[in-house]
Amino acid sequence: MIEFVYPHTHLVAGVDEVGRGPLVGAVVTAAVILDPARPIVGLNDSKKLSEKRRLSLYDEIKEKALSWSLGRAEAHEIDELNILHATMLAMQRAVAGLHIAPEYVLIDGNRCPALPVPSMAVVKGDSRVAEISAASILAKVTRDAEMAALDIVFPQYGFAQHKGYPTAFHLEKLAQYGATAHHRRSFAPVKRALGLVS
């Protein structure tokens, strides 16, 4: 992996999203400005960490970061805008929520939302940029907790296990029970369950 070279600036925010692929719930984003004086050991792409390690780092990031913020776009916004535009909106909300304005924003992936400060997309940024790794951890822990809470209300769907992704089990239960108010109606498997497409 090519080592990432940081822009010449001090207050760098990292941004990442979780939940573009699921059929249910919000897409959740986070923005994080780390404190160079309080390094956090072990930051990595949230998907490469155990749940226990993510939870430990989640608390440490919130305690040590200069600023952090969560953003989101709800299922109905995803349906209205489409998943790409809703993700960009959620990223804008995360950056806007930082109580310290960043001088530069690094975003995981290959495109940036419109922001009032300079920004750059970083492919595989969640593995290459500590700020993006931290954002990916905050976003994933937050969204996983939301899926666990939804699982209590709708235990038949198994949200705590698959986090809303279109697993065979989820698709089976969607066909059996229909869609909840939290499902994304613009996504093809949900449309099929609702009888909106053949």
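Heads up, the Cβ atoms here are built off N, Cα and C, so glycines get one too.
Taken straight from Swiss-Prot:
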DOMAIN    10-198  domain 'RNase H type-2'
BINDING   Asp16, Glu17, Asp108  divalent metal cation binding site
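Sequence-ordered, the extra residues of this chain that approach the divalent metal cation site, with Cβ no more than 8 Å from the Cβ center of Asp16, Glu17, Asp108, are Val15, Val18, Thr29, Ala30, Met91, Ile107, Gly109, Gly125, Asp126, Ile132, Ala135, Ser136, Ala139. Taken as a whole, the domain 'RNase H type-2' (10-198) shows an average pLDDT of 95 in this prediction. Annotation for Glu17 (divalent metal cation binding site): same-chain Cβ neighbours under 8 Å, separated by at least 6 residues, are Val27, Val28, Thr29, Thr87, Ala90, Met91, Asp108, Ala139. With all protein chains in the displayed structure included, the most crowded Cβ environment within 10 Å among the binding-site residues Asp16, Asp108 is that of Asp16.
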